[in-house]
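Before any comments, here is the structure.
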Amino acid sequence: MAKPCYAVVDLETTGNQLDYDEIIQIGITFVRENKIIGTYHSMIKTDLEIPPFIQALTSIEEDMLNQAPYFHEIAEDIYKQIDGCIFVAHNVAFDLNFIKKSFKQCHINYRPKKVMDTLELFKVAFPTDKSYQLSELAEAHGIILNNAHRADEDAATTAQLMIIAFEKFESLPLDTLKQLYYLSKNLKYDLHDIIFEMVRNYDEQTLSDRFDQFEQIIYKKQIDFKAPTVQFGGNLKALYTLVTKELGLTYRPQQLYLSEIILEQLMHSEKAMIEAPLGSGKSFAYLLASLMYNIETGKHVMISTNTKLLQNQLLEKDIPAIKKALDFKINATLIKSKRDYIALGLISQILEEESSNYEVCILKMQLLIWITETDTGDIQELDLKGGQKMYFEQKLETYVPVRNDIHYFNFIKRNAQNIQIGITNHAHLIHAAHDNSIYQLFDDCIIDEAHRLPDYALNQVTNELSYADIKYQLGLIGKTENEKLLKSIDLLEQQRILEKLDIPPIDVFGLKTTVNEIHDLNEQLFTTMYDIIQSSEIQDDEVHKLHFVYHFDVTPILNDLHAIIHKLNMTLEFFNGMSHKSIKSVRKQFLYINDRFKDIEQSLKNKHTCYLSIKNLNQKSTIRLNVKDYDVKEILTKQVLDKFKSLTFISGTLTFNHSFENFKQWFNKDIEFNTYEIDTTVTSPNQTTVFIPNDVSSYNYKNINDYVSSIVNYVIEYVSVVESKCLILFTSYKMMHMVQELINELPEFEDYVVLTQQQNQNYKIVQQFNSFNKAILLGTGTFFEGFDFQSNGIKCVMIAKLPFMNQNNTKYWLMESEFTSTFKEYVLPDAVTRFRQGLGRLIRSENDKGIIVSFDDRLIRSNYKQFFEQSLERYRQKKGDIKQFSTLLKKLKKENAKKP
């Protein structure tokens, strides 16, 4: 029997309106037996105008189609080539509907027997990919795609990815492939037929040694860490000297001193606070101290960071470099809380649950493939979003471990003694519960970027009740006996009657009525919240595009909560004495929902700080109620300070006014800390100049146009004189976008790449910024820190405004109860810290040279200016107008040109 041929099709069109728009380019790549066997490509003439957006997206201009055929001239040829093939496309509905319409206009009835959507295929085959856009997939799998949104290249790329996916399926254990087949019957297209053929043609073989089996699940075996065999007879200085020499790094006595201080805290189980200026190489210092501690004592160290970026830098760059220099194995791994790791029993329960829901079906297939690949069992590898994430978290919350369960966190616990360095982040450090956490595994902890710890603690102490979440959780139960969990109860009652099961009768109608009453009570609860929002003073957050209400009477909400909790308690009593599996599943779901309401009710009764938020003022469905359950100081004391014998807090910005007292206030205990303010900086006054314009008017929020124009004028002067890259930091998205619009309109920036901060794209934007010689990056809060600005020439950082949090910020509201003076004790130190972090973006090594421009005149006229001025002590300072700025730039450019 001949193997099927796949016609992988991609179309470019004048738009996405099927009834109006037309095809302007077609690309087809033919695949048989996982090999590309041919291609077809043609531009297609149209009498429609090609919109500018489409021209920009596809790089197809109207004159490129002048000599191209109309579709009707090549329709017969295309039809002959794809007839009998499996029709394949990425997001197939678009391409299939357009080509069927175009064929129909040529009196050709095209109806492919089988259709496959590669968007569906790739979601299943590549469960850990962060994006399923074609360009992102190509990059992730090493396929070169030079011209995205050109039909011929997109079709070829899709075909190559399809082959990779098929080969992956064919390498899976047979039992896994069979399960994928049964699940794929619930998908939208014909992937099940393709998987069936793979099963039918599968070469019988025993299960590979790489795999093991738990119930019906085939999973990749975990390989234990081997005990490290480190042979090094020297002290820390010898270790530091060897590593710096082997890696070609500069020997820095102050960096060695920092490492020695950290080692001393570890050796004597001390608690310490260390400020080591930005660019001082502190991560290298604490890694070597941790390694030396392990060599001398056999004990291991936990290192906590605040970003995934820094985690990845430690695990993928810094630690491998040290391994290479020393030529011996270092066991270092990422460690999280227990709930972040998968239990195979949970996967088994998810697979057993009957559901025809499309997203749940995709998730089940993803889990089956992921568990054959993962070494860690880290659930975040799946990057679940939307409905899948809500479904999985609900299953995780209600999961009761089965007998002989295999939990991946136990792998970490089992190997703890052989892990020399554990890497975690602040969120996991604070979230972990004492009975199943990383605290059992490590006595010693180093917390890098410790100044960010309170922010993560604040997230941890805040509980949330959202309309969307509760609606989803109730939806899993269903509203009628033909839906979801209610259907399983109805089937159980029918089974009881027909098979005379020895269980009490189930009042399905009564249960259904109760469930609908709970739905109504939930609607009433959020209607009450909606009415409160509409009648209250509303504050806006432009960053997250949310609206907030802080001052309101919680009594009406408490009344509605009491009613819904009472109804849920009565419903739970309905299940008393029933132990059937289906009953347990429904009861667990009601318990989960009830606990969510009870936690919020208790906090409101205790008069904890709370606020309401709404994304769309006209949609009740976007409401969230947030309540602060604990003080940040309490959680940091109990969850961090009390849990480790040795604890070192380290940051480039840990002091305020040259004192650690502000950071000490985050802990409830009067405890002695060793404190060190270390001058390891490589910055000399000649490297950096801080320029403060005196010709920029004070910021006025009612009219910021003049302020924005002044900023742009200074940027123009900089790029005109220096012709190098520039980072501009904002505290407002509105101002950032105003500057962006002006820059994009001006001819002075034609040669520049202008990049703007985007959600979930920061890492990629930083890479792009660092790769261009002429680039301007506009960013807000996240770019004030944790960002390595690379440039061969003069570097420039412009700070539009001092980074004070808005007094309507939720953080301000939530933290108000913990301070006598919120501004002096919290807001001002936070702003100074962020300002110092912003300054630190500029000089990261002894070779860097640059200029900082701070436009906010509060830096020189406010009654708190001295706290910011202390941040500028190590820099040359100049005040002047734009002409003096230009003179300074010319001088810097001349000095930089003299560098060897």
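Just so you know, glycine gets a Cβ as well, placed from its N, Cα and C.
Swiss-Prot annotations:
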type	residues	note
BINDING	Ala276, Pro277, Leu278, Gly279, Ser280, Gly281, Lys282, Ser283	ATP binding site
DOMAIN	8-161	domain 'Exonuclease'
DOMAIN	241-496	domain 'Helicase ATP-binding'
DOMAIN	714-883	domain 'Helicase C-terminal'
MOTIF	448-451	motif 'DEAH box'
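Panel annotation: around the motif 'DEAH box' (448-451), residues 273, 282-283, 286, 303-307, 310, 426, 649-651, 653-654, 663, 785-786, 833 of the same chain, lying at least six beyond its termini, place a Cβ under 8 Å from a Cβ of the stretch.
Taking each of the binding-site residues Ala276, Leu278 in turn and counting other Cβ atoms within 10 Å of its Cβ gives the largest count for Ala276. For the domain 'Helicase C-terminal' (714-883), the mean pLDDT of the prediction comes to 85. Other Cβ atoms within 10 Å of the Cβ of Lys282 (ATP binding site) number 25 in total over all chains. A 10 Å cutoff on Cβ-Cβ distances gives Ser283 (ATP binding site) a total of 21 other Cβ atoms nearby, all chains included. Secondary structure counts, DSSP: the motif 'DEAH box' (448-451) has 2 helix, 0 strand, 2 coil. Secondary structure at Lys282 (ATP binding site), as computed by DSSP, is helix.
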